[in-house]
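Notes to accompany the following structure.
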Amino acid sequence: MKQYLELMKKVLDEGTPKNDRTGTGTLSIFGHQMRFNLQEGFPLVTTKRCHLRSIIHELLWFLQGDTNVAYLRENNVSIWDEWADENGNLGPVYGHQWRAWPTPDGRHIDQITTVLNQLKNDPDSRRIIVSAWNVGELDKMALAPCHAFFQFYVADGKLSCQLYQRSCDVFLGLPFNIASYALLVHMMAQQCDLEVGDFVWTGGDTHLYSNHMEQTHLQLTREPRALPKLVIKRKPESIFDYRFEDFEIEGYDPHPGIKAPVAI
């Protein structure tokens, strides 16, 4: 994950001071891309410990179309708590858009099922896309989608994915986002009898918060270690039938965790 550290250093060296929605302040660059060959290991940051339990449960929650934090809380995952209302609701965020995008005529589109069918029946299509950025429902969401749009691509029997992330918290959020979408590629590839290819991450407003600077400098002193390996223990009948226990990470030997405040 050397390229992740290189991005942190680039933001420190070249970033522009900017105000932001949270009032915290950032150093920001615009437009950056990283490519991870998933054949070479699972891209889980090793220069600090990442909470893999949260990453897996959040993705399973998205795939169920869920937008209430009850499932996450039941599994000791608190990453969405700050944005939930008193009943645990978040509005029509990621899961709703992925699984039940509303149409003007009252129908709902299951984008995940749609792209699975495309991958199986028309893998050369250039339209294998999922979008969470529904402009008609942004004002109903507790938090507008940061990782907004992703596209799948099949070549030589390998499945690749590119994500566009319009806003990226480099220190806290990005390690989660990379691992989450890498996990999704592995799951989709297994369901479609494909090998994994590349995960390509593309960032828009790519920033470090002003209260993450000390933590960032500490992380930059650490040497990346070998990437772990993802093992999926079984192949469920559906992309929606995976369970937390189906996943195992082998060989993850990270440096200690680094705590930092979340900008809300």
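Using the three backbone atoms N, Cα and C, a Cβ is placed for every residue, glycine included.
Fair warning: this is a prediction, and the values are worked out from it, not measured in the lab.
The annotation dUMP binding site is assigned in Swiss-Prot to Arg21, Arg126, Arg127, Arg166, Ser167, Cys168, Asp169, Asn177, His207, Leu208, Tyr209. The annotation (6R)-5,10-methylene-5,6,7,8-tetrahydrofolate binding site is assigned in Swiss-Prot to His51, Asp169, Ala263. The annotation active site, nucleophile is assigned in Swiss-Prot to Cys146 on the grounds of sequence analysis.
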> Max Cα-Cα distance in Å among Arg21, Arg126, Arg127, Arg166, Ser167, Cys168, Asp169, Asn177, His207, Leu208, Tyr209, the residues listed as binding dUMP?
Replying inline: 36
>> I'd like to know which of the recorded positions Arg21, Cys146, His207 sit within 10 A of Ala263 ((6R)-5,10-methylene-5,6,7,8-tetrahydrofolate binding site) at the Cα level.
In response: Arg21
> Across all chains shown, how many C-beta atoms besides its own are within 10 angstroms of the C-beta of His207 (dUMP binding site)?
Replying inline: 27
> In angstrom units, rounded to an integer, how far apart are the Cα atoms of His51 ((6R)-5,10-methylene-5,6,7,8-tetrahydrofolate binding site) and Asp169 (dUMP binding site)?
Replying inline: 16
> When you look at His51, Asp169, Ala263, which the record names as binding (6R)-5,10-methylene-5,6,7,8-tetrahydrofolate, what is the longest CA to CA distance in angstrom?
Replying inline: 18
>> Long-range neighbours only, meaning 6 or more apart in sequence with Cβ under 8 Å: which ones does Asp169 (dUMP binding site) have?
In response: Cys146, His207, Tyr209, Ala263
> Under a three-state reduction of DSSP output, how is Asp169 (dUMP binding site) classified: helix, strand, or coil?
Replying inline: strand
>> Return the residues near Ser167 (dUMP binding site) by Cβ distance under 8 Å, restricted to its own chain and a separation of at least 6 in sequence.
In response: Cys146, Gly204, Asp205, His207
> Who sits close to Arg127 (dUMP binding site): which same-chain residues at least 6 apart have their Cβ under 8 Å from its Cβ?
Replying inline: Gln118
